[in-house]
């Protein structure tokens, strides 16, 4: 079991590392490529577009050909794309490399969740996904620090050499440590209930959890997107104060994420999901009534706590009905989360909604819709029947 957890964690970490590792070198990259920082900031959107593109295909390929081949190819693509970015001499080539990086990271991301669905039951999966969420919260804090230390002695290209090395390590883990977990054979009595036709992506329970996780990701990405404006322009923080504040909020996310597995031993998953949405609602109300920086910071802290306590549980429930189509389900969740959150941020910007109101709106909207879905759509018997562990059921 340890090999699956190690490989899944490594596969997921390529995604946040690809976002955060290079940011510290952005001014120097812009100068060397004769591009403005504003022009290169689109690299974030290009990276997410690459991830979404990979997710369109990676899940189905993983279900048909196996998790291991997709993981290996994804790691190789990420490694080669990182080298392409390091060799870029102008902006368009750099952005092409970023798009390919997103494709590699997206394939690995999808496979990681499919592996966890294949090897863990619902209770253990919820705990592991919560831990995984905590680990991914460490990357936005550590990656810029590591990047800064690297650039003290080496040029910005070394940041992408480091990411390329990460791709090599993940590829080697996938090649030599990871075992194939894709279900290859079911007992005859299970064929009818576990067929791809039965594992529908439009069943009410999956759609409800897809909506909850998409709204939750929209909350956290809106917070990340709006935080520079809120903290530095509205609240008057310096860059140093901003960095410290974001590090502290990441710390809150880590503490709550690492505590959630223990909470799952005491409370039902539904209870933790309701707590999560209750924290979102409280955060929205707090921010709407806040008149001091202290109260605003308290509201922002509630956002991080709410996301960390509920997201892993909701993702585990969403993957639960799928024993044969875990890859497709993981892809669908990833695409919905990336596209849904991007659509909200884009619409809010087009409509001229302020950063604070954008955040308050998604917090209150997410909490109300999610609470209604949690109460109205509960796991039924057919969902429980699909909750099998294909890898463990092999002879």
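Backbone N, Cα and C atoms are what each Cβ position is placed from, and that goes for glycine too.
Feature annotations, courtesy of Swiss-Prot:
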TRANSMEM  4-24  transmembrane segment
TRANSMEM  42-62  transmembrane segment
TRANSMEM  69-89  transmembrane segment
TRANSMEM  93-113  transmembrane segment
TRANSMEM  131-151  transmembrane segment
TRANSMEM  158-178  transmembrane segment
TRANSMEM  217-237  transmembrane segment
TRANSMEM  247-267  transmembrane segment
TRANSMEM  271-291  transmembrane segment
TRANSMEM  295-315  transmembrane segment
TRANSMEM  328-350  transmembrane segment
TRANSMEM  355-377  transmembrane segment
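Against the transmembrane segment (131-151), the recorded stretches 93-113, 247-267, 295-315, 355-377 differ in Cβ pairs under 8 Å, and the greatest number is found for 247-267. Ranked by Cβ pairs under 8 Å to the transmembrane segment (69-89), the stretches 4-24, 217-237, 355-377 are led by 4-24. It is 247-267 that, among the stretches 4-24, 158-178, 217-237, 247-267, 328-350, forms the most Cβ pairs under 8 Å with the transmembrane segment (295-315).
Outside the transmembrane segment (4-24) by six or more residues, the chain places 43-44, 47, 51, 71, 74-75, 78, 85, 101-102, 104-106, 108-109, 111-113, 115-116, 119, 128, 132, 135-136, 139-140, 143-144, 146-148, 151, 156, 159-160, 162-163, 166-167, 169-170, 173-174, 177-179, 181, 391 with a CB less than 8 A from a CB of the stretch. Counting C-beta pairs under 8 angstroms (sequence separation of 6 or more), the transmembrane segment (328-350) fails to reach the transmembrane segment (247-267), with fewer than 3 such pairs.
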